[in-house]
Amino acid sequence: MACNACILAISFLALPFFIALAADQSPIQDFCVADTGSTVLLNGLTCKDPKHVVADDFSFGGLHLAANTSNALGCHVTPVTPSEMPGLNTLGISIIRIDYAPRGINPLHTHPRASELLIVLEGSLEVGFITSYPENRHIGKVLQKGDVFVFPIGLVHYQRNPGPTNAVAVAALSSQNPGVIMVANAVFGSTPNISSDILEKSFQINKNVIGYLQTKF
Ligand SMILES: *[C@@H]1O[C@H](CO)[C@@H](O)[C@H](O)[C@H]1NC(C)=O
Ligand SMILES: *[C@@H]1O[C@H](CO)[C@@H](O)[C@H](O)[C@H]1NC(C)=O
């Protein structure tokens with residue numbers, strides 16, 4: 001179950017019923033455009049006074065622009081969340097553009113709070129996710145321009161551009177704040193680091209390899 005699942009307990013005939021929703025909570029008003037200047041901490045962002053809301057709060061421009069993919073992975077993610085588009089606040093949805101250089105990868109990662117529905121706009125993409133224990137089944141395929149693929153909430157997944165030209169995808173996520181856990185960075189690049197003894201036994205490889213991997217992240 002998602003860690004932020006909304007658990008609602010209802011007493012009925014003296015029996016407790018539990019309803020679990022694996023998505024953001026439903027809004028209880030038309031909108032709650034984020035007041036990005038507010039320092040109040042709550043589950044989401046505080047609302048701007050509706051009188052001051054404008055059409056631009058519900059809009060974001062620039063997703064047609066290619067991002068710079070000159071990095072070790074050959075991949076760049078451009079997010080559109082309430083920080084970039086305040087009108088998304090409380091709506092339980094967000095969107096990203098992903099640019100891939102030839103052979104670029106969006107490495108193994110998971111979104112703890114969202115399923116991801118991806119469409120390929122340019123080039124082709126090799127994609128996949130791994131089901132949970134004990135099957136750990138790898139479900140993947142190669143997508144062509146126009147193909148859509150869904151990565152179920154919480155599962156580890158990846159994308160790779162196998163082609164000789166750039167690839168572009170856009171993905172909608174079922175949370176305004178999907179979160180991302182990059183597997184390699186979380187395991188080998190945490191601060192402070194995880195003791196190499198724990199990593200050595202977890203991965204059944206020797207300390208030198210662990211030390212090498214830690215220097216990479
Ligand atoms: C892309 O990023 C690289 C690495 O940060 C940088 O050297 C390069 O100038 C950038 N290219 C453009 C067109 O901004
Ligand atoms: C891991 O943390 C320990 C203790 O802070 C430190 O001595 C060690 O250099 C760190 N190792 C790496 C690979 O960063």
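Each residue, glycine too, has its Cβ placed from N, Cα and C.
Features of the protein shown, as given by TrEMBL:
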- 1-22: signal peptide (SIGNAL)
- Cys32-Cys47: disulfide bond (DISULFID)
- 63-211: domain 'Cupin type-1' (DOMAIN)
- Asn106, His111, Glu116: oxalate binding site (BINDING)
- His109, His111, Glu116, His157: Mn(2+) binding site (BINDING)
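For the recorded positions Cys32, Cys47, His157, a Cα-Cα cutoff of 10 angstroms around Asn106 (oxalate binding site) retains His157. Sequence-distant neighbours of Cys47 (disulfide bond) (same chain, 6+ apart, CB under 8 A from its CB) are Gln29, Phe31, Cys32, Val33, Ala34, Asp35, Asn89, Thr90. Cα to Cα, His157 (Mn(2+) binding site) and Glu116 (oxalate binding site) are separated by 10 Å. The local packing around Cys32 (disulfide bond), expressed as other Cβ atoms within 10 Å of its Cβ over all shown chains, amounts to 22. Across the domain 'Cupin type-1' (63-211), DSSP helix (H, G, I), strand (E, B) and coil residues number 22 helix, 55 strand, 72 coil.
Of the chain residues outside the oxalate site list Asn106, His111, Glu116, Ile96, His109, Thr110, Ala114, Leu118, Phe151, His157, Ala171, Leu173, Pro178, Val180 have their Cβ within 8 Å of the site's Cβ mean position.
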